Every structure is written in C-alpha cells, then in structure tokens.
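**Student:** Attaching a single structure in structure tokens format; questions to follow.
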Amino acid sequence: MSVKEVLQSLVDDSMVDCERIGTSNYYWAFPSKALHARKRKLEALESQLSEGSQKHASLQKSIEKAKIGRCETEERTTLAKELSSLRDQREQLKAEVEKYKDCDPQVVEEIRQANKVAKEAANRWTDNIFAIKSWAKRKFGFEENKIDKTFGIPEDFDYID
C-alpha cells in the first residue's frame, strides 16, 4: 500500500485527523484522543454489560417465580393432555367447516352475484360486438357473414339469457 492509501485508511478509522489548508493536506494524531475514544467505548460496553446482567437476573427471577406453582402433579398432566386433545379436536372441526364452506348460503349467494355480474358483462360485450358489426356494414358496405368469418364470430353468437 502507498502512503496515501495508508493515511486514508487511518483517517477512515478515525485514528488520524486530516485538514485541507490551501492546496495541502495536513494529518495529525493526538494520543489523548485515542485514549478518550477507548474510554468512551469501554464505558458504553460496560453499561451494555450491566444492562444485560440486570435483564438476565430479572429473567432468572421470573423463571423461578413461574416454577413455584408448577409442580408436576397428576392433575396437571391430565389437564395438559386434555388441552392438547381439545386443540386437536378444534383443528379437526376447523378443517371440517372449511370442507363444507362451499355449501354455506352466504358463499352460494356471493357466487350467484358474481355470476350475475359476469352475465351482464358478457351481454354488454355482445352488444358492443353487434354495434361494431352494424357500424362496419354501414361504413364499409360489408356483408354480415363476411364480417363474422373475418373476425371469427360464430354463427350462433347471441346474448346470454
């Protein structure tokens, strides 16, 4: 590495200060600045350590409090088994309800409404196609069967009832 690269890396690491005065760059480092930086870093780490140890102690106390009332008794194990069986039963019932969701009257009504909207949209587009066909017949004098053949419109094309 060249001297310039070394100096730049030291400036980037805040180990050396740099000032541009005129056309020159001046570099300097004070030993006390590094000492103060290390002290600040040490204080920050010590405060983090003390906070972490306090949190650890409080969590240990809460674990001990929670363990006081939790003796492994026969009643507790039976209640835990009952709870797990009830949760399994609830999941099975949810799956069964999901299976029969298609027969729900509300879902059926939503499907009917969606079908009604789709039917109206199809009839609207059919009306648009008939309007374009009549415009093309008037404007260009084409026969209706030639328009149908050219654009691939089937002979039984009509509105949906």
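Note: Cβ is positioned from N, Cα and C throughout, glycine not excepted.
So TrEMBL says this about it:
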type	residues	note
DOMAIN	1-31	domain 'Mnd1 HTH'
COILED	42-128	coiled coil
DOMAIN	107-160	domain 'Leucine zipper with capping helix'
**Student:** Which residues of the chain, 6 or more past the ends of the domain 'Mnd1 HTH' (1-31), have a CB below 8 A from one of its CBs?
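**Tutor:** Beyond its ends, the domain 'Mnd1 HTH' (1-31) has Cβ neighbours at 37.
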**Student:** For the coiled coil (42-128), report the average pLDDT of the model, please.
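**Tutor:** Overall, the coiled coil (42-128) comes to a mean pLDDT of 90.
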**Student:** Determine how many residues of the domain 'Leucine zipper with capping helix' (107-160) DSSP places in helix, in strand and in coil.
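**Tutor:** For that range the per-state counts are 42 helix, 0 strand, 12 coil.
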